[in-house]
Amino acid sequence: MATLKFLSFLILQLFLIANNCESVEVGFYKKTCPNVEAIVKETTKHYISIAPTLAAPLLRMHFHDCFVRGCDGSVLLNSTKGNKAEKDAIPNQSLRGFQVIDAAKSALEKECPGIVSCSDILALAARDAVSLINGPTWAVPLGRRDGRVSILSEASKNLPTPFDNFTTLKTTFGALGLNVKDLVVLSGGHTIGMSHCFSFSSRLYNFTGKGDMDPNMDQNYINHLKIKCKPADVTTIVEMDPGSFKSFDTDYYSMVGKRRGLFASDAALLTNTQTKHYVLSQLNQHGSTFFKDFGESMVKMGQIGVLTGKAGEIRKHCAFIN
């Protein structure tokens, strides 16, 4: 299955490469829309100042966009009568922050109509959301164009899940050109945000189908989580990084190192020598390379399968193709 998944992605990548001769670059809009970054940042800042918890969904939205068909804004498209879009796939039903992208697009259409893509706006908003909650910033290469296709089943198949083991995660990330370091670094995005209980409840109540708990999770933490999350709970949400879920920092790695990562995919980082070493090396705040590494991996992720040149389109409204 993993091999088939990789081959499908490889064929898609070869098609994209054949149809895209240009690449994204920092300063792409310096002549056509010089205020693009300021407008997106101001819009994002407005919403984050009202609701700081929007930062995590905006970051996750960019991540989910890039992992399906590349970073082409396909996650922003609404379903139509004849097609169920990525937005309606189960992993994407908890996404929030679409109003931030729409507001930035509206402002940009007034400033420089028909110039800036929705996929570029999403990449910038994700960066700005992270920096606005004490996280790192990075230069975002721009020039993406928007895709015209969005298919629910592709999101269901291609997105990493909180239940994945290390082998599955490595295959999923590797198929997109991301290495093991990118995997452990981007997992650090779990330092912000919330999760529904059902994303990890099997670790508390029925890990192997025998009514058992996950031995790879700290017992005291399991007992703490059981107070909040009852069996079959599908509504309760909990902090992914308790105590600092609104602040972008290295606390996630501290939690994982203590076997208190919320998801099986978090715990998986301790099952590989390279990722375990990275987790433990970030525990000293002063010696941490996480912020620098995160920016680099985000730039790399943001270039997956991009449409450039004459491919795709510049949408007028981010939820609809032209």
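Heads up, the Cβ atoms here are built off N, Cα and C, so glycines get one too.
Curation plays no part in TrEMBL annotations; they are all automatic predictions.
Taken from TrEMBL, the feature signal peptide applies to 1-23. Among the features that TrEMBL reports, domain 'Plant heme peroxidase family profile' is placed at 23-322. Annotation comment: TrEMBL describes Cys33-Cys112, Cys66-Cys71, Cys118-Cys318, Cys197-Cys229 as disulfide bond. Annotation source TrEMBL lists site 'Transition state stabilizer' at Arg60. According to TrEMBL, the active site, proton acceptor annotation covers His64. According to TrEMBL, the Ca(2+) 1 binding site annotation covers Asp65, Val68, Gly70, Asp72, Ser74, Glu86. The substrate binding site annotation in TrEMBL covers Pro160. TrEMBL lists His190 with the feature heme b binding site. As annotated by TrEMBL, Ca(2+) 2 binding site applies to Thr191, Asp241, Asp249.
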(message) Nearest by CA distance to Cys229 (disulfide bond): which of the recorded positions is it, out of His64, Asp72, Ser74, Thr191, Asp241?
(response) Asp241
(request) Express the distance between the Cα positions of Thr191 (Ca(2+) 2 binding site) and Cys33 (disulfide bond) as a whole number of Å. (result) 33
(request) Tally every other Cβ atom lying within 10 Å of the Cβ atom of Cys112 (disulfide bond). (result) 15
(request) List the same-chain residues at least 6 positions away in sequence whose Cβ sits under 8 Å from the Cβ of Asp249 (Ca(2+) 2 binding site), in sequence order, or say none. (result) Asn134, Gly135, Thr191
(request) Determine the Cβ neighbour count for the residue listed as 'heme b binding site': the number of other Cβ atoms within 10 Å of its Cβ. (result) 24
(request) For the recorded Ca(2+) 1 site, whose residues are Asp65, Val68, Gly70, Asp72, Ser74, Glu86, find every other residue on that chain with a C-beta no more than 8 angstroms from the centre of their C-beta atoms, and list them by sequence position. (result) His64, Cys66, Phe67, Arg69, Cys71, Gly73, Val75, Gly147, Ser150, Gly305
(request) Mind looking up the mean pLDDT for the domain 'Plant heme peroxidase family profile' (23-322) in the predicted model? (result) 95
(message) Between C-alpha atoms, which of these recorded positions comes nearest to the residue listed as 'heme b binding site': Cys71, Asp72, Ser74, Cys318?
(response) Cys71
(message) Using a 10 Å cut-off between Cα atoms, which of these recorded positions sit near His64 (active site, proton acceptor): Cys33, Pro160, Asp241, Cys318?
(response) Pro160
(message) Using other CB atoms within 10 angstroms as the count, which residue among the binding-site residues Ser74, Thr191 scores least?
(response) Thr191
(request) Calculate the distance in Å between the alpha carbons (Cα) of Cys318 (disulfide bond) and Cys66 (disulfide bond), and round it to a whole number. (result) 16
